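A.B. asks: Residues annotated as domain 'KRAB' in Swiss-Prot, with sequence analysis given as evidence: 14-85. Annotation comment: Swiss-Prot describes 81-140 as region 'Disordered'. According to Swiss-Prot, the feature compositional bias 'Basic and acidic residues' maps to 81-94. Per Swiss-Prot, the feature zinc finger maps to 144-166, 172-194, 200-222, 253-275, 357-379, 385-407, 414-436, 442-464, 470-492, 498-520, 526-548, 582-604 (among others); the stated evidence is sequence analysis.
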Amino acid sequence: MPAVRGKSKSKAPVTFGDLAIYFSQEEWEWLSPMQKDLYEDVMLENYHNLVSVGLACRRPNIIALLEKGKAPWVIEPSRRRWGPESGSKYETKKLPPNSCHKSGPSICEKPTSSQQKVPTEKAKHNKSSVPSKSKKEHSGKKSLKCNLCGKTFFRSLSLKLHQDFHTGERSYECSTCRHVFRQILSLILHQRVHNWNKSYECDKCGDIFNKKLTLMIHRRIHNGKESFHHEKASDSCPSLSLHRNNHTTDSVHQCRKCGKVFSRMSSLLLHKRSHNRKKIQKYNKYKRGFKKQPVLVHKRVCIGKKTHESKKALIQSARQKTCQSENPFMCGKCGKSFSRISALMLHQRIHTSGNPYKCDKCQKDFGRLSTLILHLRIHSGEKQFKCSKCEKVCSRLSSFIQHQKIHKRKKKLIACKECGKMFGGMKNLKVHLNIHSEEKPFKCNKCSKVFGRQSFLSEHQRIHTGEKPYQCEECGKAFSHRISLTRHKRIHSEDRPYECDLCGKAFSQSAHLAQHERIHTGEKPYACKICKKSFAQRISLILHERSHTGERPYECNECGKAFSSGSDLIRHQRSHSSEKPYECSKCGKAYSRSSSLIRHQSIHSEETP
């Protein structure tokens, strides 16, 4: 059983022996890895706290072993090994470390030099390991044998602790909650739960600490007392030399897991907690631990599948298989997924009319506070973004950024060879080409179109359903994609930074300017692969290709009739609703199609002389 060192007197200073706990080899082996780590952290922290206030002058062997990552158990002489304390015959319950109750003076009275090797449990005894006289003096002690398994022990407490495992006896009871434990270390670890909220208050400044030792260190600030000064006590205490290491730039404490070094033990203890927080996935077949990406490769090795040839393919596959687990909160209306429920709640305000932020002047509602702040600038007339080149002032940062693109050098548009989409630079084109090269496991059930991500498929399916979850706050117009809403909002802003050099017409987007310039140049970069017919706009090519394939993705919910374009579906739906949005300004007659209104207006033009 581990023995707690003898308690100090009421007026005596705190020593390392008052805080230390020692184990035999058998007791140490019974501890779990988590208990060993906690024991190591607590012992090192207590020792270095004592060193910082000058209360520990000699460096115990057990501290040297712990800092080197070696087992700190007390060795019994029959095992013929050497531990942190010399021999089991030494009474560990009443004497400080490195002392013998029979031989008198401490064997390790003198501190070991830096070149001396600290003996460990792996080092065997030789003639110079332990004095022969001391060895003979303790050889007469009888060993104790377990009646159940025949194992021998040299301490009655060790035998009692061993027999508890046969009987299942739990002899250590918590005085607070009456919970019973088999080992004293388990009881000590358990009592930290009750003592966690225990506070120690400074009677001078009122600062509160959760440890009594920390309060003692703090009180030295008010007392102005220091045990050792750099100028006076040069070599009087090894604790001072150890304390001086904190002021040097040399890193002396190294993490055994990652190799990182620190100048202070407290920093190392804080760093070691970061390793414990890391969650590592375990594959049940071999009980091996992996991080996210390697576990995918390991699973394929176990089931006989080929691994990915490149890291890029591995990341793409992991993204496809874990997209739902990484974003567990999915919107029930548009299918978009989020990693946090707060982001989902903020997103759902787009679909609902419950906009919590209201303008006091025009009573308009907004879903986000940032949108309301931008809206208030309309009433106040505030314009804070001023262009340094042309003195133009914009009320929004996005409009200011778009305006600055006018003064930048125009980039030559580069077309994608796969789909014909235009880009302003090679960098953007390379990013776009990844769409064509990656795997597309998500397939649409209606038109058989494939996509690389689930979110792309969800956005595409809105074409068939006609769902438009994104609504403009200015005019109420709805869109099926967020990017379409973003582009539409630029119509309401007065800023049109992209101007045609030939006719002076201005546009809010560079893509619209590029399409307009083709009217002057006659360029038609989009060619049909079947009939070789060319078009100036990409959407015109897409609509034309549907005449060859017969694809009609837009279906009417009322009668089931399908159309190749969304505008044809909108015109058809007006036949069910009898809606006639096109009204003549002269006679008030209304039509469901704009072409019918144009033909009607020709009648009024003929009547005029």
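Cβ atoms are placed via backbone N, Cα and C, with glycine included.
Any idea what these are sitting next to in the structure?
C.D. replies: Confidence for the zinc finger (200-222), expressed as mean pLDDT, is 75.
For the zinc finger (414-436), same-chain residues at least 6 beyond its ends with a Cβ under 8 Å from one of its own Cβ atoms are 452, 510-511, 514, 525-526, 538, 541.
Long-range contacts of the zinc finger (470-492) within its own chain (CB-CB distance under 8 A, at least 6 residues past either end) are made by residues 350, 364, 366-367, 371, 399, 402, 459, 462-463, 508-509.
Sequence-distant neighbours of the zinc finger (498-520) (same chain, 6+ residues past either end, Cβ-Cβ under 8 Å): 402, 405-406, 413, 422, 424, 487, 490-491, 536-537.
Long-range neighbours of the zinc finger (582-604) within the same chain, counting only residues 6 or more positions beyond its ends whose Cβ lies under 8 Å from a Cβ of the stretch, are 571, 574-575.
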A.B. asks: By Cβ distance under 8 Å, which residues at least 6 away from the ends of the zinc finger (385-407) in the same chain are close to it?
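C.D. replies: Residues packing against the zinc finger (385-407) from afar: 374, 377-378, 490, 493, 495, 497-499, 508, 510.
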